[in-house]
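Visitor: Please read through the structure below; I'll follow up with questions.
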Ligand SMILES: C[S@@+](CC[C@H](N)C(=O)[O-])C[C@H]1O[C@@H](n2cnc3c(N)ncnc32)[C@H](O)[C@@H]1O
């Protein structure tokens, strides 16, 4: 996959940074992680499956192939938990924890056409959205995702596609990206609230964007009635590392301070158990949103904070 990326990357405006991205990715894959042999074994088995044509069959990213569902499911389950998706391979439905299509539906009509664009998907997970971006005709859609398992999941799906689209996921953090203004469309979805320094994240996004480039920012927010922002003392909806929950007005002002223009709030949606659900593709810990909310009041998390609501902002550099 890295070789394919390098070849393709060198044919685009990203050519100046390809070698650096490849080197950093190789270093990230070379870490000492005891799970890697299991994950690589799964990919080797998956590569034996006949590949098929990729399409979007709502809500699934679908691969039209004839498979032995049981054998394939067994290999794919070596790569659990599958947070993002859903995918369908032949008749096999890989029901991930999240219905990614629901987020995509909320934002796709607000985003400038991705046809011919150089696209960055920050915190791409296993690349569900990165694939959709490439399927919209992007010249290249690069997902960056530091969690190695999700990189292997991306590779597993890619191994099943006949003539994969121009989508790649590399094991990188935004802060490792060369600060060159190269990307036309930059997505940061579900990432800002994991950042200790939200201003730094916004600045780093700005730094990789081409002039007039578009940022699509999706993150957890709170209603105004709860104040300007909440900084959870401990966990939020059982998640560790949630650092900031701003109101939409506060987030708007953060974007303004970072220097973004034409800031538009295009969606606010409460997260429901239809969008985040426990499935048998998430492994032994089968808890999902229902278990993270107050059993007596689904407007509150189990910790007594406002229940998850997400906003999508779109703005320009
Ligand atoms: C909640 S998930 C969101 C995944 C996907 N973008 C979505 O919207 O469903 C956040 C992802 O961002 C990744 N992440 C966290 N900090 C990051 C950083 N500094 N750079 C790149 N990715 C990051 C995490 O590993 C995680 O997979």
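Positions of Cβ are set from backbone N, Cα and C atoms, glycine also.
Per TrEMBL, the feature carboxy-S-adenosyl-L-methionine binding site maps to 84, 98, 103, 123, 174, 175, 189, 193, 310.
Just tell me what is around each of these and how deep it sits.
Guide: All protein chains considered, the CB of residue 310 (carboxy-S-adenosyl-L-methionine binding site) has 19 other CB atoms within 10 Å.
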Visitor: Per the record, carboxy-S-adenosyl-L-methionine is bound by 84, 98, 103, 123, 174, 175, 189, 193, 310: how many Å separate the farthest pair of Cα atoms?
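Guide: That value is 26 Å for the farthest Cα pair.
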Visitor: Counting only residues 6+ away in sequence within the same chain, which have a CB under 8 Å from the CB of residue 189 (carboxy-S-adenosyl-L-methionine binding site)?
Guide: 103, 121, 122, 123, 129, 216, 217, 218, 219
Visitor: Counting only residues 6+ apart in the same chain, whose Cβ is under 8 Å from the Cβ of residue 84 (carboxy-S-adenosyl-L-methionine binding site)?
Guide: 96, 97, 98, 100, 125, 126, 127, 128, 129, 150
Visitor: Are there any residues in the same chain, six or more apart in sequence, whose C-beta is under 8 angstroms from the C-beta of residue 174 (carboxy-S-adenosyl-L-methionine binding site), and if so which?
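Guide: Looking at Cβ-Cβ distances below 8 Å from residue 174 (carboxy-S-adenosyl-L-methionine binding site), excluding near sequence neighbours, one finds 122, 123, 144, 188, 191, 201, 204, 205, 208.
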